[in-house]
Structure formats: C-alpha cells, structure tokens
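Undergrad: Residues or ranges marked as region 'Disordered' in TrEMBL: A:1-25. Sequence annotations record features per position, and here TrEMBL assigns transmembrane segment to A:38-58, A:79-98, A:118-137, A:166-189, A:198-216, A:251-269, A:298-319, A:325-344, A:351-369, A:375-393.
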Amino acid sequence: MSETTAEAEKAPVPATPSEPKDDQRWSQAMRDIVGGNAMISVLAVFLALVVGAVLIAFTDEQVQETAGYFFSRPGDMLGAVWQAVSGAYGALFQGSIYNFRRDGFLAGIKPLTDTLVYATPLIVAGLGVGLAFRVGMFNIGGRGQMLIAAAGAGWVGFALDLPPVLHLIVAVLVGIIGGAIWGGIVGLLKARTGAHEVIVTIMLNYVALYLISFLLRTPGALQAPGSNNPKTPAMKETAIFPDLLGPQYNLHAGFLTAIAATIFVWWLLNRSSLGFQFRAVGENPNAALVAGINVKNIYVYTMLIAGGLVGLAGVNQVLGTVTTGFSSGIDAGIGFDAITVALLGRSKPVGIFVAGVLFGAFKAGGFSMQAAEGIPIDIVLVVQSVIVLFIAAPPLVRAIFRLPTPGTAPRRQLPIVTKEVKAK
Amino acid sequence: MKLELRGITKRFGALVANDHIDLTVQSGEIHALLGENGAGKSTLMNVLYGLYQAEEGEILLDDVVQKFAGPGDAMNAGIGMVHQHFMLIPVFTVAENVMLGHEQTTFGGRLDLEAARAKVREISARFGFHVDPDALVEGLPVGVQQRVEIIKALSRDAKVLVFDEPTAVLTPQETDELMVIMKQLRESGTSIVFITHKLREVREVADRITVIRLGKVVGEASPTATNTELASLMVGRAVELTVAKNPPVLGEPALVVRDLSVIDPQGQVVVNNVSFEVKSGEVLVIAGVQGNGQTELTEALLGLQPHVTGSIELDGKSLRNRSVRKILDAGVGFVPEDRTQDGVVAEFSIAENLMLDRSTSKPFVKAGNLQLNFLANFAREKVTEFDIRTQGIDSKAGRLSGGNQQKVVLARELSRDLRLFVAAQPTRGLDVGSIEFVHKRIIATRDSGLPVIVVSTELDEVVALADRIAVMYRGGIVGIVPADTPRDVLGLMMAGEPAPGTGEAA
C-alpha cells in the first residue's frame with residue numbers, strides 16, 4: 001500500500017498509472033496466494049501427513065526390526081519405511097477415493113461416495129461453526145445442537161405418518177428448528193446477559209446429552225417400544241433421504257443439503273445485507289455499533305442460523321447415515337470435528353466444503369487403513385489434530401517453507417510502518 | 001551531555017522511515033524535532049532509545065560511539081524518555097513507580113522504599129515539582145503524572161531527556177508549566193529533545209529546531225521563524241493555517257439540548273446537566289481537555305450511552321433513548337473520535353466501509369441482497385470526490401493512512417441526507433494536509449445550512465472552525481463564548497474558570 005500512496009503524491013498527474021498498478025496487483029495477488037490463508041491450510045495438511053508418516057513408520061514392526069541392523073544394511077529399513085508409509089496412505093486413498101482392486105469404474109469409485117457421506121454432516125456442521133467464527137463467536141455447542149436436532153427429526157421420522165416427500169421435509173425442518181433453538185438460546189443469553197458463548201455452549205452440550213439420554217430411556221418418548229435399550233425405533237421409509245446413485249452406493253440426498261447449505265452460507269456472507277452486518281460485527285463490533293447495527297440482535301441471529309446448520313448435521317445423521325434408530329452417541333463427535341473443519345476451511349463456505357470432504361476422506365479411508373494395513377485409526381486422529389496445530393501457528397508453517405509474511409514486515413512492526421507511510 | 005546522531009537510516013521493508021538523519025543536540029540545549037505525524041520522529045527516537053536497531057549510522061554521546069541493544073543500554077548511557085502515553089502503573093505510588101525497573105533492596109531482598117522516597121523528594125525539591133512520593137499515581141492530575149515520568153527519568157541520571165509529544169494531554173496552563181520545567185532542566189545542564197508538531201510551543205521553548213519530513217531532515221530553523229515558515233517546511237508547501245470561511249448564515253435552532261446528564265456504567269456522572277443549542281448553518285465547537293465529558297456527550301447524541309437524562313431534540317423531534325439506527329435515520333452524521341476503533345472496519349474494503357451505516361436499506365440493499373454494482377459505482381465516485389488515495393475501492397481500509405481513513409468516514413457520513421453533523425476530534429492524528437481537507441469539508445457542511453458540532457482539544461482548531469465555543473470541564477459546560485474569545489481566556493475556561501464578564505449566559 002505504501003508504494004501507491006507515495007506514488008500518488010509524488011506524481012499527482014498519473015502519467016502511466018495502469019502499468020505499475022497492474023504489476024503491483026499481480027505481486028500482491030501472488031503474495032496473497034503464497035503467504036495467505038489457503039496456502040497455509042494446504043501446507044498444514046501436507047505437514048500433518050508427513051508427521052503421520054513418521055508415526056506410521058516408527059510403529060511399524062518391519063521398520064523396528066530392520067532398524068536393528070540399520071548401519072549394515074540401511075536399504076532394508078528405508079525400504080520398510082517406504083512400504084509401511086506407502087501401504088498406509090495407499091490404503092487411505094483406496095478407502096476414500098478410488099479402489100483399484102475392484103472391477104470397473106462403478107465399483108472402484110464407491111469409496112469416494114462413502115467419503116461424501118461422511119463429509120455431509122461435517123460440512124454442514126462446519127458451516128455452522130464457521131459462520132459463528134465470522135461473527136466473532138466460538139460455537140462449541142455442536143454436540144448439543146446436533147442431538148436436539150437429531151431427536152426432533154428422528155421423532156418426526158419414526159413417530160409420524162406423513163406422505164412420502166412431505167414427511168422428509170417436515171422431519172428436516174423440525175430438526176433444523178431444534179438445532180436453531182438450541183443455538184438461539186446461546187445467542188439470546190449472550191446478547192441479553194453477556195454470558196460467554198463458550199461456557200454456555202459447553203453446558204448446553206451436557207444438558208442436551210442427558211436430556212436425550214433421559215428421553216431415550218423413557219418409553220413413549222424416544223425409546224423404541226418393547227425395548228430396554230436406550231435406542232429409538234427405525235426411521236420410516238418416507239422420512240429417509242433417498243439414495244442419490246442407486247442402492248449400491250451409500251450416498252444419499254443429504255449430500256444435496258450440504259451443497260445447498262454451502263451455497264446459502266456463501267450467499268449469506270457475501271451477498272446479503274444480514275451477512276454484511278454479520279461480518280461487520282465479527283471484524284469490529286464497535287464500529288458496527290456506531291454504524292447503527294444492533295450488535296446484540298446480530299448475535300442472536302447468528303446463533304440461530306449456526307444452530308440450524310449444525311442441526312442439519314444431526315438430521316443427516318438420523319435420516320441418512322444411521323436410519324435404523326439412534327442412541328445418544330448419534331453425534332459421533334461431529335460437533336467437535338466441525339470446529340477443525342471450520343478452522344481448516346478458514347471459515348469460508350467453499351473452504352469448509354473442501355475441508356469437510358477431506359475429513360470425510362480421512363474417516364472413510366481411516367477404516368480401510370486399519371483393516372488393510374493394521375494401522376490404528378488413531379493415526380488419522382493424530383493427523384487431524386496436527387493439522388489444527390499447524391493452522392493455529394501460521395508463522396511456523398511459513399518458517400518451515402520459508403514463505404514471505406503477508407504485509408512485508410513482521411506483524412508487530414506493522415502499525416509503526418503504516419504510521420510512517422502516512423508521510424509518504 | 002552532547003548527543004549526536006549521524007546518518008541514521010531505518011528501513012521497514014521497502015519503506016525508509018529514517019533516511020540518513022543527522023542531528024546534534026548540544027549540552028544544555030532544548031532541541032525541537034518538528035514534523036508531521038508519520039514523518040519519522042518517533043522512529044528516530046525509538047532508534048535512539050534502543051527499541052529499534054538502525055541499519056546505518058551511529059549514535060554518539062559526548063563523541064563516543066554507543067551501541068544500544070535495548071532501552072536498558074540507552075538508560076544506562078544517560079538517555080531518558082518521557083513517553084506520550086505515560087508508562088506508569090496507576091495502582092502504585094509515585095515512589096514505587098520511580099523505582100520500578102531498578103529496584104534497590106535492603107537485607108533479605110526487601111524493597112528499599114525509603115531510598116526511592118528520598119530520591120523523589122530530592123528531585124522534586126530541586127525543580128519545585130511538589131510531588132508527594134506516597135501519592136497513588138491514579139489519583140494524580142495528568143500534568144503531575146507527567147512530572148512523575150520526568151522524575152523517573154532523572155532518577156536514573158538521565159543527561160539527555162526525550163519528550164515525545166508531551167503536551168498532547170495537557171491543558172494550556174499545564175503546558176506552560178511544562179515549558180518552565182523544561183527551561184529549568186536546561187539550566188541544570190540536561191539536553192532535551194522535544195518532539196512535537198505544535199508550532200507555538202516550539203517557538204516558545206526551543207533553542208534550535210530541526211524539521212523532518214518523509215524521514216529526512218529538510219531544514220533547521222531558529223525559534224524566530226514564523227509559524228507559516230515552519231509549517232511550510234513541515235509540509236513541504238505553503239499551508240493555510242486558518243480556514244477561509246464566510247460569516248455564518250444562521251437559521252433556526254436545530255439541535256436543542258436541555259439538562260443533559262450521562263451516567264457511565266461505573267455509576268459516575270460524566271456529563272452533568274448540560275444545555276446548549278446549535279442553529280442551522282452554525283459550527284459549535286466543544287472545547288476542553290481530553291476526558292472532560294466530550295466523548296460521552298457526543299455518544300449520548302448518537303444513542304451510544306445507556307443512561308441519559310434530560311432532552312435532546314433535533315428539529316423538534318426527540319433523539320433521547322432512541323436506537324443508534326433511528327438516530328442515524330433521523331439524519332445525524334457522526335465522525336467518531338476513535339477512527340480505528342469506531343470509525344472503520346479495518347478488514348473491510350473501502351467500498352464496504354462506505355456502506356457500513358446503511359447496511360439495511362436502499363439503495364445499497366434490495367430485498368436482503370447487497371447491490372454490489374451500485375456500491376462499486378458509489379465507492380468510485382466518493383473516492384474521487386473525497387480524494388481518497390488508494391489502490392482501488394477493494395483495498396482494505398486498514399491499509400489506508402489515517403488521513404485517508406478519515407476521508408472514508410467523512411465520505412460515508414456526508415453522503416447521507418443529514419440534519420445534523422457531529423465530528424468528534426476529526427483531525428486527531430492527521431497530517432497537516434488532511435487537516436486542511438477535513439476543515440474545508442466541515443465548513444462546507446456548515447455553509448450548506450446544517451448545524452455542526454465539532455469536538456476538539458486543540459485550541460488552534462477550536463479557533464479556526466468555531467462560530468461559537470462551548471468549553472467543557474469535568475462534565476459540565478463552563479461557558480459558551482463567541483469565536484473571537486482570546487486564547488488565554490479559553491485556556492482558563494478549560495481549567496474550569498468561567499469566562500470573565502460573560503458568565504454562564506450565552
């Protein structure tokens with residue numbers, strides 16, 4: 001920025017303004033890509049996979065054995081390392097994207113559809129968490145919002161009798177509303193009493209968990225009739241998300257809701273009046289207040305929508321993935337994984353979509369990695385956690401890859417620099 | 001002690017903040033360092049104080065080259081700094097603050113407070129400071145807190161004292177007292193570097209003046225130079241120090257404020273029973289030292305204060321207890337005091353900042369959708385009209401200079417249909433060129449027949465803009481006086497004494 005201001009004042013009559021400007025714009029764009037957020041995310045994933053590879057190699061028996069005589073025949077150990085790591089990541093790939101061992105493309109591509117199934121709730125819940133991030137709020141209440149939504153949608157799904165399409169729509173809506181209410185309570189408490197959303201969401205997670213557990217044990221509520229297990233009856237056929245690609249694949253229409261939700265959040269944040277206010281409050285609540293935006297109401301709206309989105313993840317679980325009835329573990333930790341997804345996706349809708357698919361792939365591939373290579377699925381969890389670690393420390397990633405820091409100077413000195421720029 | 005800087009060059013990336021600066025301060029001399037905000041004065045002093053390392057050049061004390069790795073080295077070498085924002089701990093006593101950082105201890109590691117007290121008393125007595133070593137710093141007036149800073153520096157045997165914009169927070173009277181102190185220090189052989197951009201103070205106290213612009217020394221001047229000469233040196237061209245304006249065309253009273261009181265969240269009465277009115281086509285300047293209720297008063301006008309009593313009427317309609325949205329819609333334009341906190345969203349583009357307070361209604365929003373094409377055209381128009389120097393309307397506001405950020409705020413506020421314009425400290429921290437621009441815009445707004453309220457702490461600005469001046473002190477209005485009131489009377493009013501003769505009426 002400094003250069004332009006300087007230029008503008010040195011030469012008030014812009015002689016050939018377009019050329020240097022374009023030049024700067026390109027170098028700036030280059031800087032944004034290399035030093036910016038997307039690149040950091042990609043590199044964080046890469047680094048995490050490297051860390052995962054080290055762990056796989058260290059825990060591999062073959063590697064340990066060959067390490068004993070490393071100095072006499074180093075090739076053995078390196079070969080073993082290669083075999084272990086490539087085998088593991090190969091299995092991860094085959095379990096999540098394309099399985100070469102199956103005959104034909106249609107059978108081979110099945111893992112990819114599994115990935116998308118796992119990705120669906122991660123994406124919508126990630127959108128809910130990411131949306132709250134953009135307004136400056138930390139929505140840790142994914143679990144509670146998902147459980148309430150799952151209970152609502154599930155109850156409509158197994159207890160009511162409605163015509164085919166209508167039943168599904170009602171169930172989905174009830175679920176979304178359930179999640180929205182659970183999130184909205186948080187927004188309301190924050191706006192009216194100043195309660196911190198982190199505390200409130202965590203506590204509401206417990207409230208939801210034990211409330212659902214109680215209902216699951218209460219005959220006539222959520223518990224399946226004639227059963228002693230804390231589990232609901234199976235969903236009725238009319239309320240289940242239909243298969244998208246036929247019965248041989250698990251992919252259901254819930255994935256379409258993930259796509260729709262992504263488009264909706266993109267529109268909301270980038271094109272709508274409400275989203276403009278969301279972002280203004282998120283970036284600078286003081287300026288938003290002075291500009292006449294009702295910051296408190298924005299908190300409530302945000303948590304309503306965020307809760308609804310996370311709720312949709314719960315809906316997807318009960319009406320798409322586990323249609324045979326659910327227990328209180330239906331959220332499957334997605335509410336927390338969604339935080340990681342939102343972080344990795346930089347709280348941007350498209351980024352969250354991509355991050356959700358990646359984590360879906362980890363889930364789908366993790367199982368086959370365990371089955372095929374005997375590598376514990378915990379390695380996948382380590383990789384996921386290390387991703388977050390690297391994302392939380394962009395300077396570390398930049399230092400490893402020697403990337404330029406955005407904004408030329410180190411952050412600390414930035415204000416001083418801009419101050420000086422004024423004079424230029 | 002003689003201080004000499006030779007060829008100091010400090011770069012931040014591609015930006016050269018200090019470009020081969022030479023500066024010599026003789027022993028027992030007050031040397032004024034004059035320059036606009038951002039000219040490189042503070043950077044230079046931070047280099048001197050060891051906070052930054054210069055890429056080139058050297059620092060000499062009594063002709064011996066020094067190497068400062070940090071402020072500790074600089075202090076040991078005899079350099080002291082009185083910062084613009086005091087580096088004091090409010091809940092500590094004066095003596096505790098003075099000993100902070102080089103605590104003396106007695107047996108068993110106990111603090112030797114008595115030694116610190118003695119030191120404070122000794123230095124106070126030497127310069128007639130009247131500072132009680134056991135007083136809590138938070139209870140002291142600003143001027144006295146500054147003396148504590150000076151004592152702190154002197155207690156470490158500082159032979160070179162750097163004053164970084166020391167008068168920004170002082171009343172005119174406190175400023176005069178500071179000048180006396182500086183002269184005393186000079187008599188005792190201390191060398192003083194006095195950083196400022198206020199011309200009058202420089203001419204009063206400085207022995208020599210060095211003017212810095214764009215990181216370079218552009219000239220030396222003697223204190224006998226005129227204001228205009230100094231200003232043009234600073235800015236690099238002739239500057240209009242006064243604002244050209246016609247006599248006001250006064251209309252009916254548009255804004256009527258009666259018995260307004262504001263109670264802050266801590267329960268303190270911060271604005272006390274204030275009444276005034278502003279006619280259309282008139283600039284009412286609210287003068288006073290920072291922190292005497294001006295901020296809260298303007299916030300009350302905009303509906304940002306929760307506990308307000310009394311009445312605020314604009315064109316006969318009450319503005320009290322309305323939401324900010326309703327007050328904005330009633331036609332109040334507002335330039336907040338803290339630009340970066342309340343004025344702009346740094347991460348938003350210039351275009352987005354230009355629609356910030358119209359984010360819900362036409363023409364920027366239709367059926368819940370942002371009208372991005374309209375916004376782009378609007379933004380381009382305003383960037384040209386208000387001469388906002390930027391790469392494009394999509395640049396982030398946070399990357400603009402202070403002057404350009406303020407232009408964005410002005411453009412946003414002045415492009416609405418206004419009935420009242422309130423500008424709180426509109427030129428704080430701006431360079432002379434931007435100040436000129438802002439002043440012209442404010443007068444143009446007045447001439448279009450709007451009532452205008454300007455809050456200012458700078459007497460120069462008060463006198464330049466005002467049609468009438470209301471002086472605030474401790475939450476109340478001391479008096480409302482005409483624009484031609486002498487400066488010394490205004491200064492006394494800012495310290496709480498009512499104007500002679502005029503009394504409370506006006």
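Residue positions begin at 1 at the first shown residue.
Keep in mind that glycine also has a Cβ here, set from the backbone N, Cα and C atoms.
Caution: TrEMBL annotation is automatic and unverified by curators.
Owing to the predicted nature of the structure, the values given are computational and were not obtained by experimental measurement.
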Undergrad: Should anything in the same chain at least six residues away from the transmembrane segment (A:251-269) have a Cβ under 8 Å from its Cβ atoms, list it; otherwise answer none.
TA: 113-114, 116-117, 119-121, 123-124, 127, 130-131, 134, 172, 240-245, 275, 278-279, 305, 309, 312, 315-316, 319-321, 349-350, 352-353, 356
Undergrad: Taking A:38-58, A:79-98, A:198-216, A:298-319, A:375-393 as candidates, which has the most Cβ pairs under 8 Å with the transmembrane segment (A:166-189)?
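TA: Looking at each of A:38-58, A:79-98, A:198-216, A:298-319, A:375-393 in turn, the most contacts to the transmembrane segment (A:166-189) are made by A:298-319.
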Undergrad: Short question: which residues 6 or more past the ends of the transmembrane segment (A:298-319) have a Cβ under 8 Å from it?
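TA: For the transmembrane segment (A:298-319), the far contacts come to 120-122, 124-125, 127-129, 131-132, 135, 137, 139, 141-142, 145-150, 152-154, 157, 168, 171-172, 175-188, 190-191, 197, 235, 239-241, 254, 257-258, 261, 265, 268, 274, 277-278, 281, 288, 326, 330-332, 334-335, 338.
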Undergrad: What else in the chain is close to the transmembrane segment (A:79-98), if you only count residues 6 or more beyond its ends and a Cβ gap under 8 Å?
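TA: For the transmembrane segment (A:79-98), the nonlocal Cβ contacts are 49, 53, 56-57, 60, 62-63, 65-66, 108-109, 111-112, 114-115, 360-362, 364-369, 371-373, 375, 379-380.
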